[in-house]
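S.K.: Please see the structure below; I have some questions.
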Amino acid sequence: MAWGHRTTVCLVLLGVSLGLAIIVLAVVLPHHQASCRPDAFTRAAVAADSKICSDIGRVILQQQGSPVDAAIAALICTGVVNPQSMGLGGGVVFTIYNASTGKVEVINARETVPASHDQRLLDQCTNALPLCTGAQWIGVPGELRGYAEAHRRYGRLPWAQLFQPTIALLREGFRVPPILSQFLNTSFLQPCLNSSTLRQLFFNGTETLRSQDPLPWPALANTLETVAKEGAEVLYTGKLGQTLVEDIAWQGSQLTVQDLAAFRPKVVEPLEMALGNYTLYSPPPPAGGAILSFILNVLKGFNFSAETVAGPEGKVNMYHHLVEALKFAVGQRWRLWDPYSHPGIQNISQDLLRETLAQHIRQQIDGRGDHQLSHYNLSGVRGNSMGTSHVSVLGEDGSAVAATSTINTPFGAMVYSPRTGILLNNELLDLCWRHKPGSTVTPPPVPGEQPPSSMVPSILINEVQGSKLVIGGAGGELIISAVTQAIVNKLWLGFSLTDAIAAPILHVNSKGHVEYEPKFNQEVRKGLQDRGQSQSQSQRPVFLNSVQAVFQEGPCVYAASDLRKAGKASGY
């Protein structure tokens, strides 16, 4: 009996011990898993392509502004710090997640075709020099009405408050930032700048301004003050718009005050696609979300992970499949026509998200990369490869904004309005690459049409794990390649957010050739060549891809701005 009693007591004690151990593990493990790295923020973050603009966005959040408020303030700043990329003379696309409703919306304020555009504009596509275009390529700017619509729907602070930091920046002795200086003093841009009206802004006599030179820009400061006080309508139906139109008319622009008054941003549903445990929300055509979704939908079927790419052959295999998916994607870019101007293709972009198409494409991908262009439906028409800016914001309540803005190629049309301080876009150049594969006919522009775009401001949400990735990029046709690889690196390969963005990328051009960023892994590069992947013979002068992202993982918030553009994120 004594032995049995002792056994019972031991079993009871063992059970109690196991129970306590389970309780301890249940309490300790979540805390361990939720521990944040030293570079994490705990509440909110902003990732713009410069530190000063990220900081301005952060301050707006700390003043109880909404993520949309912060994004707008950061974009206004970026139009000054990186005017070669974006500004009031361009267009913007917002993808916005409202944590209180769980709803995602897209605000599309991309530029449009003016009513009195040159009827023979597209005849100039073949000979167009994207870096020396001109007034005939100017689209109706949508930037400010895009801000106004986003602020009307989601703003919290007074409109004028969003402009004050940048007005102060201009009034207090603004100097040329290093990145702007690089663009101003790049050999392939200088001849165009020298012959343009931008001379009066960016030249000191016969020399272009250099880093830290004073950059007086009183006209833009005055414009921002007017817009802050009177609202966006002063540009679209007021005196500022009249001044802008008059300034650029003598440079060949056919933009009218009627074009400005007629512009309306579109509020639309995002494209939505399951990506493992995440849901990807991205902008529909004419933005590039359908192409980004298509690529990731194809790639997810191959189940790449950190383990599968651990060895050299695994890396080569993954990049081979990526290259092949990018080739098929380039062949689908014609689907990005504006569905409002071309209703016949309204549902074509949705086809790109279908699992049946993804499965079909996977079956077309084998171990070789030397198939004919027709295998991928490639047309050989090249898009622009630089320009644009992106801001990602995550607010304290979990709401998020991904916003991409552009004037198209560096310095846009290189047309300057001296009385408003606004640089104009050359967005109509993007109409040149919207003909179908196998056809040499490019449909004539439609007044009010928005040109196709590679912009992909995107938000990926994992409701179960409480994770969120807010991401987008710049770089023209490089955007989708760069954003795809950043997402793959982060979500599938387990990179830190900073490393996911910093990793050298590859890109597939319209001829199916692979272009490698400097410092791309040479072993992988050789492995791809062994599989028949052809390298582009004309290496681009510089890779201008730039990705900004914020990643929320439980209580941890990580933000990264691309060092390629000397960016730095900010948060708290």
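From the backbone N, Cα and C atoms, a Cβ is placed for every residue, glycine too.
OK, Swiss-Prot features for this one:
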- 1-6: topological domain 'Cytoplasmic' (TOPO_DOM)
- 30-572: topological domain 'Extracellular' (TOPO_DOM)
- N98: N-linked glycosylation site (CARBOHYD)
- R110, T406, E427, S453, S454: L-glutamate binding site (BINDING)
- N185: N-linked glycosylation site (CARBOHYD)
- N194: N-linked glycosylation site (CARBOHYD)
- N204: N-linked glycosylation site (CARBOHYD)
- N277: N-linked glycosylation site (CARBOHYD)
- N303: N-linked glycosylation site (CARBOHYD)
- N347: N-linked glycosylation site (CARBOHYD)
- N377: N-linked glycosylation site (CARBOHYD)
- T388: active site, nucleophile (ACT_SITE)
S.K.: With every protein chain in view, how many other Cβ atoms are within 10 Å of the Cβ of N194 (N-linked glycosylation site)?
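M.R.: The answer is 13 other Cβ atoms.
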S.K.: Should E427 (L-glutamate binding site) be counted as helix, strand, or coil on the basis of DSSP?
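M.R.: DSSP assigns E427 (L-glutamate binding site) to helix.
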S.K.: Other than R110, T406, E427, S453, S454, which residues of the chain come within 8 Å of the L-glutamate site, judged by Cβ distance to the Cβ centroid of those residues?
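M.R.: Nearby residues not in the site list: G91, V93, E111, P286, A287, T388, N408, D430, P451, P452, M455.
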S.K.: I'd like to confirm something. Which of the binding-site residues, R110, T406, E427, S453, S454, has a Cα closest to the Cα of N185 (N-linked glycosylation site)?
M.R.: T406
S.K.: I need the CA-to-CA distance for T388 (active site, nucleophile) versus N303 (N-linked glycosylation site), whole Å please.
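M.R.: About 32 Å separates the two Cα atoms.
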S.K.: In the predicted model, what is the mean pLDDT computed over the topological domain 'Cytoplasmic' (1-6)?
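M.R.: Mean pLDDT for the topological domain 'Cytoplasmic' (1-6): 47.
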S.K.: Compared by Cα position, which of the recorded positions R110, N194, N277, N377, T406 is the closest one to N303 (N-linked glycosylation site)?
M.R.: N277
S.K.: Based on DSSP, name the secondary structure state of N204 (N-linked glycosylation site): helix, strand or coil.
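M.R.: SS state of N204 (N-linked glycosylation site) = strand.
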S.K.: At the level of the C-alpha atoms, what whole-angstrom distance separates N194 (N-linked glycosylation site) and T406 (L-glutamate binding site)?
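M.R.: The Cα atom of N194 (N-linked glycosylation site) is 22 Å away from the Cα atom of T406 (L-glutamate binding site).
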S.K.: So among R110, T406, E427, S453, S454, all listed as binding-site residues, which is physically nearest to N204 (N-linked glycosylation site)? Use the C-alpha atoms.
M.R.: T406
S.K.: Going by Cα-Cα distance, which of the binding-site residues (R110, E427, S453, S454) sits nearest to N277 (N-linked glycosylation site)?
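M.R.: Answer for the nearest of the binding-site residues: S454.
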S.K.: Note down the number of other Cβ atoms within 10 Å of the Cβ of S454 (L-glutamate binding site), including every protein chain shown.
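M.R.: Step by step: centre on the Cβ of S454 (L-glutamate binding site), count other Cβ atoms within 10 Å, giving 28.
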S.K.: Within 10 angstroms of the C-beta of the residue listed as 'active site, nucleophile', what count of other C-beta atoms is obtained when all protein chains are considered?
M.R.: 30
S.K.: How many Å separate the Cα atoms of T406 (L-glutamate binding site) and N377 (N-linked glycosylation site)?
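M.R.: Computed Cα spacing between T406 (L-glutamate binding site) and N377 (N-linked glycosylation site) is 28 Å.
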